[in-house]
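Heads up, the thing below is written out as structure tokens.
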Amino acid sequence: MALIIGALSLVVVAVSAYLRLDAAGLGCVDWPACYGRILSQDLQPLHYGFPRLLHRFAASAALVLTCVLVWRCLRPQPLLPAARHAVLLLLLMLALSALGFFSADPRRALVGFLNIIGGLGLVTFSWRVAMAAASSAAYRGGHEGVAKVVLLRVGVFALTITVVLGAWIGATYSASACLTLPLCEANASLSADALRVMDPLVKLTAAGVPGEAGGALLHLLHRGFALTVLLTLGWAAAANLKQSATRPSAVAVLGFLVAVAGLGGAAVMSGLSLLLVVGHGVVAALLLAAVAALLRHQRK
């Protein structure tokens, strides 16, 4: 059941990203001038087309199944640690449902950011429940070298920062601030004006324009940490290929690392194609789940 919830959560992440980015004007006809026009307009009523109905159905189905999952994990006696992860998953879903009441206004950057991070968390928590419910014998690993463990921990930290920066780029409508690879056309700086984009309480009035210093800073930080993730997690995953217990999760991590990096680069080179950017976010969610699996092996 946890796997079904995870699949539904992945649908929610993909459709939510599509709706949000499409409304933002990503890849619009007059790109990039038309990007973020929604920020300067009056709030419009929601249009319930097929994508939004699919989002509602998948989210509702996932919530109902999670309630059933929590009940099954707690009765007749708690199934630990699956019950703990299932309860946390349910709490996250309820928090995102409550956050939805504030999501109609795209100018609230913090609300958009929490929605993105929470959506990614749904996939990871669902997978954690599935792993916790499985037989512990399936997750026994051997002795781990200190260097391998350190590399994995550094990679997880860098991945967390990368995801947070990517979510903030989307929430602050800074996608168009850097449309070149590997560096931005503008020189990113640590000036007061550039750092203003980091303000979690900012209320947006317009999207970041190409070359904007604050947006360029976010992009360069995101790419720098992403490179660190490629090196550290890639190395740690490759080292785990030697053990049969960790090989499946290590292969998944390596595959998703290549995919998420390739989609990110392709999205920038395409002028931020809507489907490529959505795919980048979906694969990032899968990468987080694969890393959670590899971490579970390391702890055994």
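Using the three backbone atoms N, Cα and C, a Cβ is placed for every residue, glycine included.
Automated prediction, rather than curation, is the source of TrEMBL annotations.
Given the structure is predicted, the values throughout are model-derived calculations rather than measurements.
According to TrEMBL, the feature transmembrane segment maps to 53-74, 86-104, 110-130, 150-171, 220-238, 250-268, 274-295.
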Revision key, fill the gap. Of the listed stretches 53-74, 250-268, 274-295, the one with the highest count of C-beta pairs below 8 angstroms to the transmembrane segment (86-104) is 53-74
Point to revise | Tertiary contacts of the transmembrane segment (110-130) (same chain, 6+ residues out, Cβ under 8 Å) | key: 2-3, 5-6, 9-10, 12-13, 16-17, 20, 62, 69, 73, 82, 85-86, 88-89, 92-93, 95-96, 99-100, 102-103, 163-164, 167-168, 170-171, 200-201, 281, 284-286, 288-289, 292-293, 296
Point to revise | Residues of the parent chain within Cβ reach of the transmembrane segment (53-74), under 8 Å, 6 or more residues beyond its termini | key: 1-2, 4-5, 8-9, 11-12, 15-16, 19, 82-83, 86-87, 89-90, 93, 97, 122, 129, 133
